[in-house]
Amino acid sequence: MPPQDEHRQPLLHSSDPEEEAAYDAAEKVHIVCAGDDPAASGTPSSGGAPPFSWRKLWLFTGPGFLMSIAFLDPGNLEGDLQAGAIAGYSLLWLLMWATAMGLLVQLLSARLGVATGRHLAELCRDEYPTWARMVLWVMAELALIGADIQEVIGSAIAIKILSNGVLPLWSGVVITAADCFIFLLLENYGVRKLEAFFAFLIATMAMSFAWMFADAKPSGTELLLGMLIPKLSSRTIKQAVGVVGCIIMPHNVFLHSALVQSREIDHNQKGRVQEALRYYSIESTAALVISFIINLFVTTVFAKGFYGTPVATSIGLVNAGQYLQEKYGGGFFPILYIWGIGLLAAGQSSTITGTYAGQFIMGGFLNLRLKKWMRALITRSCAIVPTMIVALVFDTEETLDVLNEWLNVLQSIQIPFALIPLLYLVSREQIMGSFKIGPVLKIVSWLVAALVIVINGYLLLDFFSNEVTSIMFGTVVSGFTAAYVAFILYLVSRGLTFSSWRNVVRSKKVTATES
């Protein structure tokens, strides 16, 4: 590939009408406000961003809150309650820093989508050879299906709680499956209506878990100490790994790079791109601060009620409501139902965003131009069919816990296949133009990615060391592990090879100039 001009602008929207796009032009939110001076927008060479506007911040607000739902899905809530019950307040500092790491990854994802006008799956389709992008697509789909099963099961558990057990788990799955049609209905009314619906669900979670927090009355002093003083022991290491491991959701990295394209941005004006990045950074940060507070509520409620008790290690998503009811009683409105409402909002919102992510992943990797209802139906079927089987077969507390462990492993395996391509692409000047990340941010991002991958590697090692009990199973796991590590090394080496090649080209240009 020939070297490009150092001031090359980011890759623009494809002019090919046959290429899949995240949003059609008619679906995008128009950003330019009354009183905007086009001359102040900046040009590719001058780069001045327009002044800050609260109205524009409001117009850009939305994608970050949809992204934040992955930080509040039933899998994360289960990690929160188990961390609180087993480790008390001692892992709150880790929850805070894990959320900060998640924010960094999501800001890079948004940066990629805004600067290029394309999302991660589309760019992977162009940047990797066919065999590699097909592996990446399969891995992304598997991660999405694993997350979706957890989310649908979480919704089904909530429906079972709110119906006093009248509706079994499988019927809750069927009800939750219908959410894709709610999604399609809302999408027909425009992006802003869809975002408003998710804002309502997030507000429902916030109010439900804040109510629980007020009922439980956790210690404010211990809460602050838990956030400010790092503590870690061998007894809580598994919960600590779980807190970090469930923050980075592979499908969410793909999702955010597509969501930011719902706003109409003139990519020919550098100032407009800078403006969009500024507003998206603000709203994404605000969204994840809110998600952190909600996770904090859940963790502290279970820390106050169950830390140090005999039942601490046996609490999971299935029985959490019953334990809460036994501990805190009925009150004006039974805490069991408050928990059920919050869990239902978490499950419903995350399953709908999962459907959204599935459309972008499938459309981006395969360049499929299907009607939205068809893509949503295909995406939803991929998750609902295995989830229905799960609901019928794993309809007991013990089997659901075992299933959840396997699903966590499935998603942990996929994390490198979203993070490494993202970091590779945002570092490339040929893709990002002047918006590529600088050396300091690049080092920090790779360190965060390495930390997350190592932590999830520990989870996998711990899990399989307990599960591998036969030579045949061990041989199969070893074979898959070898292929898995080889593909990760390929993805890393591709980025390093590109960086080395780029440095050589620049050195030659400098030498030629000096001579």
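Backbone N, Cα and C define each Cβ position, glycine as well.
Among the features that TrEMBL reports, region 'Disordered' is placed at 1-23. Residues or ranges marked as transmembrane segment by TrEMBL: 92-114, 135-159, 165-185, 197-214, 240-259, 280-303, 336-357, 377-394, 406-427, 439-459, 471-492.
Taking residue pairs at least 6 apart in sequence, the transmembrane segment (197-214) and the transmembrane segment (439-459) share fewer than three C-beta contacts under 8 angstroms.
Away from its own ends, the transmembrane segment (135-159) comes close to residues 70, 73-75, 77, 121, 124, 128, 167, 169-173, 175-177, 249-251, 254, 317-318, 340-341, 343-344, 346-348, 350-351, 354, 357-358, 361-362, 365-366, 379, 382-384, 386-387, 390-391, 400, 403-404, 407, 410-411, 413-414, 417-418, 421, 487 of its chain (Cβ-Cβ under 8 Å, at least six residues beyond either end). The stretch with the most CB contacts under 8 Å to the transmembrane segment (197-214), chosen from 92-114, 165-185, 240-259, 280-303, 406-427, is 280-303. Within the same chain, residues 66, 69-70, 72-74, 77, 144, 147-148, 151-159, 161-162, 176, 179-180, 182-183, 198, 201-202, 204-205, 208-209, 211-212, 215, 251-252, 254-255, 258-259, 317, 320-322, 324-325, 376, 379-380, 383 sit at least 6 positions outside the transmembrane segment (336-357) and bring their C-beta atoms closer than 8 Å to a C-beta of that stretch.
Same-chain neighbours of the transmembrane segment (280-303): 57, 60-65, 67-68, 71-72, 76-77, 80-85, 87-89, 91-92, 95-96, 99, 102-103, 106-107, 110, 114, 202, 205-206, 209-210, 212-213, 215-216, 218, 222-223, 256, 260, 315, 320, 324, counting only residues six or more beyond its ends whose CB sits under 8 Å from a CB of the stretch. By number of Cβ pairs under 8 Å, the transmembrane segment (92-114) is matched best by 406-427 from the list 165-185, 406-427, 471-492.
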